[in-house]
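First comes the structure, then the notes that go with it.
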Amino acid sequence: MLGQKRLLLIWSGIQFALLVLLQQAFAGWVSAIFLLLILYRLFSVLQAKRPVSLLLVNIVAGIIAVGFFLQLKQAGVLHFMLQILLLAATARLLALQHLYEARQLVWVHYFLLASCFILHQDMVVAVFILLVVLANLYSHFRLFSPASARLNGVQLSRAMLIILPLWLAMFLLFPRLPPFWQIPNTNVASTGLSDNLDPGSIEKLVQDDSLAFRVEFDTGLPARQLLYWRARLYEDFDGRSWQVNSWRKDASRNRYSSRINNNNSAVQRYRIIAEASQQSGLFALATPVGSSQNVFIAASGMLSSLKPVSQRLSYQVSSVLDPIARLSEQEQLMNLRLAPGNPATEQFAHSLKQQYPQPAALVQALAEHFSQQPFFYSLTPPRLGANSVDGFLFDSRTGFCSHYASASALILRYAGIPARVVGGYQGGVWHPQQGYLAVRQREAHAWVEYLDNGVWQHFDPTAAVAPERILNNLDSILPDDERALLYAGWRQLEMLQTLRLQLMHLDYYWSVWVLGFNDTSQQELWRNIKQHLPTIGYVLLLLLIVGLLGGVIFTVRSRKPSHDHLASQLLYKQLADVLSNKPSAQPISSYLRHVAKTHPAHYEWLNQVITLYEQAVYQNNNVALQQLKNVLQRQHTELRDLRRAIKNT
Amino acid sequence: MPDLTIKQRLYRYYWRFIERYLQKRQPAAAHVTLVQKLIFILPTRYGWWFLFLICLLYLLGTNYQNNLILLLSYLLLSLFLLSIVLSYQNLSGLTLHCPTAAESFAGGKVQPAISLNSDKPHYMLQLNLLPQREEVLLAELPAAVTLSLNVSKRGRYVLPRIRVSSQYPLGLWRAWSYVALQQHFWVYPAADGDSAALQHATEDKSEPAKNESGDNLAAYRSGESVRHLIWKRLARDPTNPVVRQQQNSMYSEPDWVVVPALSGEALEHALRRACLQLLKLEQSGSRYGLKLPALTVPQAQGPLHLQRCLQELALC
């Protein structure tokens, strides 16, 4: 069995697929080594070479393993484990000689393929992994079956029919437990908003078309201008870029019980399915007041997960669409801090302050300034000098949301109003049929919050410059050449675009029903089952009764002609239509002879049947019985013709 | 028995218990069809490893709260459960039958032919006769299979239980059955004799010296008549008793194979010699008969006659 070239090819293919799937977990040189090993094996299979000697393989694998071990710090425990496992598998395949070694190989392949799901949960990739698992299963079957055994379609489908309900029932009903212990996580580069907001960082982000998260609303879709998904608070300004304050980073680890003062505002309840970002910061609308257990609300209404989001995470939030309350004196002071530079901005802020002493009026004036003066909204703003805000406000007047937010926050701070830049996402694409809002990285946005009357009021300067950006989406306000930046290459093809959309919808159901299935959904399912228990019971009972009746009828029917000889039973079964007109007293053979005479076209084979039948019955000849069977099978078409002929007469 | 280890002793008790259980469950029959009550199924070593894999994946899936890993673990678990049924199906419906009694000479191998019959295909069956460890692997179902069993003592034995097992399709479960067929096998005495007997049987007269004396001295074997002992020699060398064998009386009738009334080792020796004689006579094509102390097989010839004579020797 081991000599089978096909099996070796399958295993090499599986290992290659594993290498591709686990690419993220491996450094470049690690991948190169694996690629070399696998290609060498593939080459030696195709050249029909003998397996490499065990000693040599052990030495090579030992050296490589030491290399991996030296890299342990950089790679992390999980990646190290995956590397060692894949190394074991490739080395085993190189020196494969015995059957038990092949069994070990199949076992390790199963485990590695399962580990791929830690890194990939995309539907398409998951289906691919499942296919590779099936290939591995096939090789497993081959190890224990003779070379001549063929996969039988009927048997396979029968096996599927048993496995599928069993599988689903286990998945739906088997108890789901919380994690038993802390586990090492993958260290993959994070995506989405970073802790640092440069004047150019959001422009880069919006060219990324990948999904950030999806939202289902329990309470109906809010108005578009309310869809400000808060993700980051940038409170430290160094004269050019904004950073998340280090205190804020620490505070985000602590739970913060928000005071609920929702006497007038309605509560929005929604569910967010966040894509893996490798960050713990999550998204919520306005002031979140409650969330599911897997996430928590930190200070200032920031939502955070317990650990970096390394796979799709689904959580429930309820928010009040009210401004965030002031946290502390310290927070207020922190948002007044200034950095040297930008003198023109400072002057402009002071003059505004003199004109409008009230914060609300000042913000209103600022918005009017942006909309009335020739300010432009652009994805490709010119480079700015040392005093970036001055350069933007009084010189280029062209910028993206981060420029406007940064400038506005600075003006407010110069005017003595505590203000900060908020990073997050705005809007999203609503899919009414599927009932969810898809928020992509393209929807990344920055706006401003300023403190007024003890609450952090929301101010979006971009809305003043380009209100369509808020009311529709980014595409609608960009000129054609800039829009082309967003839809690079193949994304412009219409058909592919729709296909991609369909896939995204499928992926949505995938993440809701498969990835997002948790103990809450399971409890709900159990509750539903309990509720409909009588109905389910009746249906099952009915099925049982029908099945039993069918079984009884079948046995009674099959028992009736049992005192006839096997050959007679066979004829009655195969020639039922022909023999239905036979007088009961007449023997079968004489009746058939009569039929043969009246249908000369069928004379020859009927005669053969009669002879064989008589031999089988009267001499009790088993060989003749077998031949009779064969003849009836062979004369399938003639039999049909004869039936037709008899029916027509 | 005293030098058996505890493990071996326990194993012996275990087998005695199993034998008794099987005797009740499946007494010997001419045709045995494997049905539910005859088939036992337990996981193989690889099956336990597979179960361990499933548990590992469940832990991994739970710890990462990863539904896909859980799904895979459940898929493997349902495969594991399904393969119970599949391995059962691979064994059930097989009919075993041993049409003829096998025969062999002591010290050789008895090779009963078992005919196998079924309506459906069976793959990777392994068969062996119970005390024997060597298995016959059948990738596909042949019409008959020949098993083998080492035998050392003459006699008529009941065919031991046949173990039929298979790990098809995934090697996770071993389905097996101990089948007792109503059949026996013959072990004839091994054909050999001392040179004199051989020469007589072939009627080779090249060594007349021994024939003249008519007597032959041979070491005493337990069971020989004390009357033939040479007492003088016994007095000289008491550790090696010697008897006088009276050949003449035995070979007086050339077409009769005579076994004198002996017992123990001497009888065995005589039987082995008689066996050789029978074979030679049958080969030479003459009519011959067999005279045993209790029974006489009249003169005849042919393979059936030889078989009859050999069987009488085995039972003697």
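Numbers run from 1 along the shown chain.
Placement of Cβ uses the backbone N, Cα and C atoms for every residue, glycine included.
Since this is a predicted model, take the numbers as computed values, not measurements.
What TrEMBL lists as transmembrane segment is A:51-70 (among others).
Away from its own ends, the transmembrane segment (A:77-95) comes close to residues 8, 11-12, 15, 18-19, 22, 25-26, 30, 34, 37-38, 40-41, 51-54, 56-58, 60-61, 64-65, 68-69, 71, 101, 104-105, 108-109, 111-112, 115, 118, 183-187 of its chain (Cβ-Cβ under 8 Å, at least six residues beyond either end). Summarising the annotation, TrEMBL assigns transmembrane segment to A:77-95 (among others).
The annotation transmembrane segment is assigned in TrEMBL to A:107-138 (among others). Nonlocal intrachain contacts for the transmembrane segment (A:107-138), taken as residues 6+ away from its ends with a CB within less than 8 angstroms of a stretch CB, comprise 10-11, 13-15, 17-18, 21-22, 24-25, 78, 82, 85-86, 88-89, 92, 151, 186, 188, 276, 310-312, 503, 506-507, 510-511, 515.
Marked as transmembrane segment by TrEMBL: A:159-177 (among others).
The annotation domain 'Transglutaminase-like' is assigned in TrEMBL to A:393-463. Note on the domain 'Transglutaminase-like' (A:393-463): DSSP counts are 24 helix, 32 strand, 15 coil.
Annotated transmembrane segment per TrEMBL: A:536-556 (among others), in sequence order. Tertiary neighbourhood of the transmembrane segment (A:536-556): same-chain residues 529, selected by CB-CB distance under 8 Å and a gap of 6+ residues from either end.
Residues 30, 33, 44, 80, 83-84, 87-88, 91, 94-97 of the same chain lie 6+ residues outside the transmembrane segment (A:51-70) yet bring a C-beta within less than 8 angstroms of a C-beta in it.
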